[in-house]
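**Q** Just passing along the structure, written as structure tokens.
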């Protein structure tokens, strides 16, 4: 075996380890001598190595089998080298001739990344006949198979060497060892690791997939799928939608990176009057106008709540990657899989369900329920625990938990987390945490409630039974004591998540308080309670499943079209750079809470890596807009319509700095003119300056052509442009006294075709100032001939056209700028022209 030492690296270690197991030390302590022969024969008694005291090669009838048996074992081992244990919750699928990884993922409602992770593929290429593991659509997770979603998950070893040793150890060498049964594997202590390997973690993505409607500005409303990931937001229209079949997917497929999202707000109705007019009737009727969504659960019996919590299972936001041996089908948020996340507690009483293993509970759901329970208990501190009967109180009536209280509870729990005594202790089996932290008598009592999934045949505690933990350590059972050390880190980690979701809960309390006030005002206006009666309750019951809320995404740059080429998408993005970048989606009401939780979960990290201390500014913050009542709108109209808003700190700072900037704008936007303008007033110059390209700011305006100075000739105009290398501004005054014109990105010249860039735009002061910038539909900016000068084009019409004598002109709407007629009449007579350069 000396030649085996020549192999180095990982493969050498595996080869030497396998050889030592196959041909290691014999029972007498002597090394087994193995001869490799090209043919099989019976050894003679006199052959060396076959003496009485030495081991003989096994005969064909021996239990160990002959050399051919070893060869078959090696072949079998080599076949196993690329295989692994079948993950739970999966089925086998054989790749067909026209299959690709994307088509297979689409067929089984998963993602290509999950298939790569599930099958440990090295590339996305698949071949015909290849067997892949795909999620089983009929798989129902159980206690043994459902993965734990805690930040510190007990995972099986993912090392490739350990996996190779486990799968390739032949039965002939270790006949006493057998694969562990499912019962043994479920009760054996698992190795605690922080996460999966980097290779597996790179493929793990969480996302929301929501069926909604995209409300465009002037191009109708289409249905499709809104895909929200930690990195991007994308909308794909349904091909069966009538508008998509009529206009194509190019108009409606959009996406943008998450870092460009300035704010995301949820409204009960659309505030933009133009969008509201284009809203379909069915969406407008289901928008919930006048119906306040306070998310109350008044009068819900305990049995219904328990059954609802059991149905929820693992359907909540995941916070940590999972092992490849576990089911990945629950990572995806779909309409059919995800039940609404509970936000309000129907009772301040603590109910616990005892189960053998509660690893299937999600950390996000646990933390969220814990925060809500903390909030509910903070108001009812003066009521004893055994007399709390306000089962129908919603969080909007309770109020927000104070910041100081949350900090103090976090500090206490963090200090006691390592000891796992005092404020935190294990109640039942591994990873089951139902705690009640009591501080002082008749003061703030905090209830942590876990609605754990209950299996058939398992005992459960009564709904009124509570387990109270005092600050004195209690003696745990032997089994609990063994789990205590392992769960202490998990408790501290969950407290981090608890504090993280606490800030989210505070914002919800503010939002619900606004809605509560609006409800009370509407009731106070004289609507009798009897008038609502059964009809109102039935209507609300119907609307609960049919209502739409309106998601408004404000982005820094226009969203990119996904069904057009990269060049066209970039061109259209640039054309819409100065427009209002708001995108509206009609989202089902039951998915609004999922969106809120997702934005909070996947916003930039606000915690340190190893501690629960607040160290950085949040990437997204929840704000309440203090809008002043304008002359046209009712006070706090937008605040009443808005459900919630998540925005960036930069966006808030820019809004707060807007008034100060507005005061400085008149001075900063007054350029220096080489000659006084006879066509533009000072306020008109200021308005124009705000829309000029950035490369013109700071340069004085130089008059390079004027009909009063140079005459009315297009050829003279071209001659005065010679040698210029700046944008030029043309201002025209017609015989009706109307002022309009165009900004050209390049000086005017005679050209064979259209020239210019997207900086070109047309404007008019008739009757009010309007600027029409490039729409991105085409690139017909400027066209210069010896007998005419034109701006814009498409469909045979120009936005602005001048003849060779600079006497007659014409203006039409065109696709290049999306403008209307710049003058009062389509045909006009030119009275005066000024052309300004910036140099």
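Using the three backbone atoms N, Cα and C, a Cβ is placed for every residue, glycine included.
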**Q** Which residue does Swiss-Prot record as phosphoserine, given the choices 97, 329, 536, 713?
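**A** Residue annotated phosphoserine in Swiss-Prot: 329.
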**Q** Given 140-195, 196-251, which one carries Swiss-Prot's region 'Disordered' label?
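**A** Region 'Disordered', as annotated by Swiss-Prot, spans 140-195.
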**Q** Looking at Swiss-Prot, which of 488, 537, 823 is flagged as phosphoserine?
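**A** Record lookup, Swiss-Prot, feature phosphoserine, residue 488.
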**Q** Select from 38-91, 578-631 the stretch of residues annotated by Swiss-Prot as region 'Disordered'.
**A** 38-91
**Q** Need the matching range: Swiss-Prot marks region 'Mediates oxidative antimutator activity' on one of 543-570, 683-710, and I'd like to know which.
**A** 543-570
**Q** Any idea which of 648-677, 738-767, 768-797 is down as region 'Disordered' in Swiss-Prot?
**A** 648-677
**Q** By DSSP, what is the split of the domain 'LysM' (91-134) into helix, strand and coil residues?
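**A** Within the domain 'LysM' (91-134) the tally stands at 15 helix, 8 strand, 21 coil.
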**Q** In the predicted model, what is the mean pLDDT computed over the region 'Mediates oxidative antimutator activity' (543-570)?
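**A** Mean pLDDT for the region 'Mediates oxidative antimutator activity' (543-570): 75.
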**Q** Using DSSP, how many residues in the domain 'GRAM' (206-261) fall into helix, strand and coil?
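**A** With helix first, then strand, then coil, the domain 'GRAM' (206-261) has 12 helix, 28 strand, 16 coil.
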**Q** So, by DSSP, how many helix, strand and coil residues make up the region 'Mediates oxidative antimutator activity' (543-570)?
**A** 9 helix, 10 strand, 9 coil
